[in-house]
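Colleague: I have a structure here, written as structure tokens, and I will follow up with some questions on it.
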Amino acid sequence: MAATRTVIARAPAKINLELRVGPVRDDGFHELATVFHAVALFDDLTARATEPGSGVSITVDGIQADEVPTDDSNLAVKAAKLLAAHIGLESADVAFELRKGIPVAGGMAGGSADAAAALVACDALWHAGLDREQLLHLAAQLGSDVPFSLLGGTAIGSGRGELLTPVLARGEYTWVIALAEGGLSTPGVYGQIDRMREAGEAPQPTPGPEIDDALMAALRAGDAAALGARLHNELEPAALAMAPQLERALEIGRKVGALGGIVSGSGPTTVFLARDSSHALDLAVALTASGAAADVRRAHGPVPGARLVESVRG
Ligand SMILES: C[C@@](CO)(OP(=O)(O)O)[C@H](O)COP(=O)(O)OP(=O)(O)OC[C@H]1O[C@@H](n2ccc(N)nc2=O)[C@H](O)[C@@H]1O
Ligand SMILES: Nc1ncnc2c1ncn2[C@@H]1O[C@H](COP(=O)(O)OP(=O)(O)O)[C@@H](O)[C@H]1O
């Protein structure tokens, strides 16, 4: 039988339905309590086996492709090298073609999605046969959000975000995603919230942050209106301080009756929960017409985590 030469893996963007940011830990990360939710904006990663010793290469196209590094700092490249080392390969030999559908530096875990896609793709390409636990363990070494990009669905994240508990959520939600001009640096936004807290400009962090019971109840019931009312992001004041123009998108969301609207993770993307697809269209039109968003997408959630969508033998 011919070996698998090319595989395609697809991984979703995430939003944080709730993001509680506790104190800074000794390792410099913040203790989190978050609810991750995977939405139908995807990056597709094609992985082709190459000659022994050729190493990893990557090309990138799609949205904001020119802002994605193609050197060893690319998270897909890092993931391939980590997996190769883990299974004892001397060299990670793979050529990646990445198609971005997730905004770059937008607070939607695009780089993490690519790392998760690379783990799934290389596991298949190199016949590593790692189980989910092993892949999650490698994922956590690549970034706090990478384990969730593998898992998908809706899940509670604790620790620095890497410890996951799937949530039994009912229903499908319709999101409107307002892309912003430029990006915000994740460490920059965490640093900003620390400074604001020190200056008394943001509420003090709670040690051992916890997820809101009412939000969990809304998810269990599949109650979009209740979920919208409980969306909450403790990084939002920091993202708004760094990008005050995002207030306008949030204001338009409120005016057009979004069930809820927040900055996604560290921003600058803002996300709005719509009543249904027709309401989502109204929100998208209003956000686009106002010029408050550089671009607008509609996406449903939850969706699965990183997975193979195609494998070609030859
Ligand atoms: C804010 C969140 C919310 O889900 O996502 P984004 O909005 O960036 O997508 C995450 O916490 C981002 O996770 P991720 O982007 O994987 O971060 P990492 O690579 O692990 O860490 C980058 C930097 O962010 C800060 N960081 C990250 C996670 C955490 N719990 N505390 C932190 O302080 C640290 O400064 C760290 O050096
Ligand atoms: N495969 C990748 N895709 C996107 N960004 C990447 C990738 N690898 C590394 N990066 C870097 O990670 C930074 C954060 O990007 P991203 O993960 O998209 O945003 P966020 O952390 O806001 O969710 C980018 O500025 C980029 O330089």
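Every residue, even glycine, has its Cβ placed from backbone N, Cα and C.
Just so it is clear, the model here is predicted, and its values are computed rather than measured.
In case it's useful when we look at the structure, here is the feature table from TrEMBL:
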type: ACT_SITE; residues: Lys14; note: active site
type: ACT_SITE; residues: Asp145; note: active site
type: BINDING; residues: Pro103, Val104, Ala105, Gly106, Gly107, Met108, Ala109, Gly110, Gly111, Ser112, Ala113; note: ATP binding site
type: DOMAIN; residues: 74-153; note: domain 'GHMP kinase N-terminal'
type: DOMAIN; residues: 215-291; note: domain 'GHMP kinase C-terminal'
Colleague: List, in residue order, those recorded positions out of Lys14, Ala109, Gly111 with a Cβ under 6 Å from any atom belonging to ligand 2.
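Modeller: With ligand 2 as the reference and 6 Å as the Cβ limit, the list reads Ala109, Gly111.
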Colleague: In the same chain, which residues outside the set Pro103, Val104, Ala105, Gly106, Gly107, Met108, Ala109, Gly110, Gly111, Ser112, Ala113 have their CB within 8 A of the centroid of the CB atoms that define the ATP site?
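Modeller: Going along the sequence, the neighbours come out as Ala13, Ile102.
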Colleague: Of the residues in the domain 'GHMP kinase N-terminal' (74-153), how many are helix, strand and coil by DSSP?
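Modeller: Summed over the domain 'GHMP kinase N-terminal' (74-153), the classes give 45 helix, 8 strand, 27 coil.
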Colleague: Hey, how far is Pro103 (ATP binding site) from Asp145 (active site), Cα to Cα, in Å?
Modeller: 15
Colleague: Would you kindly give the Cα-Cα distance separating Ala109 (ATP binding site) and Asp145 (active site), rounded to the nearest Å?
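Modeller: With the alpha carbons as reference points, the distance is 7 Å.
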Colleague: Where the criterion is a Cβ under 6 Å from an atom of ligand 1, which of the recorded positions Lys14, Ala105, Ala113 meet it?
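Modeller: Result: none.
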Colleague: Sorry to bug you, but what's the C-alpha spacing from Lys14 (active site) to Ala105 (ATP binding site), rounded to the closest Å?
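Modeller: The Cα atom of Ala105 (ATP binding site) is 12 Å away from the Cα atom of Lys14 (active site).
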Colleague: What are the helix, strand and coil residue counts for the domain 'GHMP kinase C-terminal' (215-291) according to DSSP?
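Modeller: Counts, helix then strand then coil: 45 helix, 11 strand, 21 coil.
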Colleague: Using C-alpha positions only, work out which of the binding-site residues Gly107, Ala109, Ala113 is nearest to Lys14 (active site).
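Modeller: The smallest Cα gap between Lys14 (active site) and any of the binding-site residues is with Ala109.
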Colleague: Taking the binding-site residues one at a time (Ala105, Ala109, Ala113), which has its Cβ surrounded by the most other Cβ atoms within 10 Å?
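Modeller: By the 10 Å Cβ neighbour count, Ala113 comes out on top.
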Colleague: Taking the domain 'GHMP kinase N-terminal' (74-153) alone, what is its mean pLDDT?
Modeller: 97
Colleague: Among all protein chains shown, how many Cβ atoms are found within 10 Å of the Cβ of Lys14 (active site), not counting that one?
Modeller: 33
